[in-house]
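Annotation comment: Swiss-Prot describes 167-176, 187-199 as compositional bias 'Pro residues'. Residues or ranges marked as disulfide bond in Swiss-Prot: 204-217, 206-224, 238-251, 254-266, 274-283, 286-298, 301-310, 332-346, 349-360, 351-371, 402-422, 425-434 (among others). What Swiss-Prot lists as domain 'Laminin EGF-like 4' is 349-399. Swiss-Prot lists 40, 182, 205, 218, 245, 267, 305, 428, 468, 481, 500 with the feature N-linked glycosylation site, giving sequence analysis as the kind of evidence. For 31-514, the entry in Swiss-Prot reads topological domain 'Extracellular', with the evidence type sequence analysis.
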């Protein structure tokens, strides 16, 4: 009975090891399943994703025998949990010549070096005494490679065997015991492998617009084949240099100008980022105020702040302001000059277009401009004065009207500048414009002033020409014949009188002649009006002439209404107011009343 109990006690370690082995297998299966889902399996002590297929050395320095390979996915699961314990199968007492096939299986579930080893019990055939007296120790053996048998997951990768070397653990020395038929090693149950399932078909989910083929992609990465201008795993976004056109829903190229754009990519609306002075959706032209589109962009217009725009190709300024002109608005227009101060402002010339050409210029050493050219009759820096031989007439210089009777050498001005009156008339002329002859001179057919001549009769019948001057100064010589003298004197005086009247008429000016004519016309008109008035009065007098005495009352109206009188005296006898014998009805409705008072009836 004691032997049976002892055998039962000895079999307990074997049963415990078997239970531990089952637990280790379950833990390994769970780890393999999680690793298969992640796509990675890590060998014990190895790098991630690497498989060590080399067999380890056998026990006691003997060559190792190859183990059957177990399939496992190459992907390694991330190590996120705590270190896992390595479970060892219980070792049975073996002889030194034992085959390596009886080497215990080491199942590793992680890189942890913690080892749990079941205690080795004595052989059931070994007596206790021998166990106590045995001093022989077994040589330490090198750990044998352990092959982990796992089931393949749904990953499409090719399963390979993963060899995990077991950590070196000193073995407990066991005494060499004779083999006995009673001692037996529990057989290790074979590992069962789950049947592998075929990999499922990969769904591409490529973009209909951006991919070449909706159902064609890389089965490993899932990358679709994109059209030009598209990118992304499913070709769902636009590449750099392209933008999404919301109208068509397609990725279109930006087409930004390399000269005018700061960068080739554009924004989501397709607008490029332009350089300074460049405009346009693709930055391909210069904006107002810039010119010369090139690889450096556009240059600002050089218009001296007098124009806001210029020609896009040549840079010539357009619409120059502030009375300026030129390609860069650097000059002043006609009739303007550039001020000498720092502003360089274009100011209007102080030159009238009536007196000059209107243009002016200013010298570098002067502060006031001068007119370039004055018209005839004007002088001065601003052409505002009359030249010699001209006079001011209502702010206009007119030429002196002296008819050539003033010497311009002796009298340069010829006439007074303020009034135009001729100065120093020559050629026996006088007057405001030298239009008259001096006393004793008359105009000839050519308009010159010549002396007057008088024809005097002689006793012999001939005539003598005597000038007016000689007549006024000489005294006639008396003659012997007394009868001839009065005749001669009368003739002389008559001739002198006629000559004086002619001279008087010659001295009458045109203005005076006009006044005389006007006066005569007025007198004639007044006389005609008086004559017409007299005729009218005479006819009226004839029409109103009466046969009655002067005290007769005249009634001017033929129809006289007596309605008021009849209303006041309804029973009055109008015919009895006057005597039939003593009153007569005057013609034209006139009523004549006689003087006797008794002719009226009460």
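Glycine is treated like the rest: Cβ placed from N, Cα and C.
Swiss-Prot feature annotations superimposed on the structure.
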| residue | record | DSSP (3 states) |
| --- | --- | --- |
| 204 | disulfide bond | coil |
| 217 | disulfide bond | strand |
| 224 | disulfide bond | strand |
| 238 | disulfide bond | strand |
| 251 | disulfide bond | strand |
| 266 | disulfide bond | coil |
| 286 | disulfide bond | strand |
| 298 | disulfide bond | strand |
| 425 | disulfide bond | coil |
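For the domain 'Laminin EGF-like 4' (349-399), residue counts in helix, strand and coil come to 0 helix, 18 strand, 33 coil, using DSSP. Each residue contributes its Cα atom, and for residue 238 (disulfide bond) and residue 245 (N-linked glycosylation site) those atoms are 10 Å apart. Here the candidates are the disulfide-bonded residues 204, 206, 351, and by Cα distance the one nearest residue 283 (disulfide bond) turns out to be 206. Among the disulfide-bonded residues 298, 349, 434, the ones whose Cα is located within 10 Å of the Cα of residue 422 (disulfide bond) are 434.
Taking the C-alpha positions, the distance from residue 218 (N-linked glycosylation site) to residue 224 (disulfide bond) comes to 7 Å. It is 332 that, of the disulfide-bonded residues 254, 332, has its Cβ surrounded by the most other Cβ atoms within 10 Å. Of the candidate disulfide-bonded residues, 301, 332, 425, the one lying closest to residue 206 (disulfide bond) when CA atoms are compared is 301.
Around residue 425 (disulfide bond), the same-chain residues six or more apart in sequence whose CB sits under 8 Å from its CB are 402, 405, 406, 431, 434, listed in sequence order. For the domain 'Laminin EGF-like 4' (349-399), the model gives a mean pLDDT of 90.
For the pair residue 428 (N-linked glycosylation site) and residue 371 (disulfide bond), the Cα-Cα distance reads 42 Å. Per Cα geometry, 349 is the residue among the disulfide-bonded residues 349, 351, 371 nearest to residue 217 (disulfide bond). A separation of roughly 8 Å, to the nearest angstrom, links the Cα atoms of residue 349 (disulfide bond) and residue 371 (disulfide bond).
Summary for the disulfide-bonded residues 217, 434: the Cβ-based neighbour count within 10 Å is maximal at 434.
Long-range neighbours of residue 204 (disulfide bond) (same chain, six or more residues apart, CB within less than 8 Å of its CB): 214, 215, 216, 217, 222, 224, 234. Cβ neighbours of residue 301 (disulfide bond) (same chain, under 8 Å, six or more residues apart in sequence): 289, 290, 291, 307, 308, 309, 310, 315, 317. Long-range Cβ neighbours of residue 286 (disulfide bond) (same chain, at least 6 residues apart, Cβ-Cβ under 8 Å): 277, 278, 279, 292, 293, 298, 312. Counting every protein chain shown, 24 other Cβ atoms lie within 10 Å of the Cβ of residue 206 (disulfide bond).
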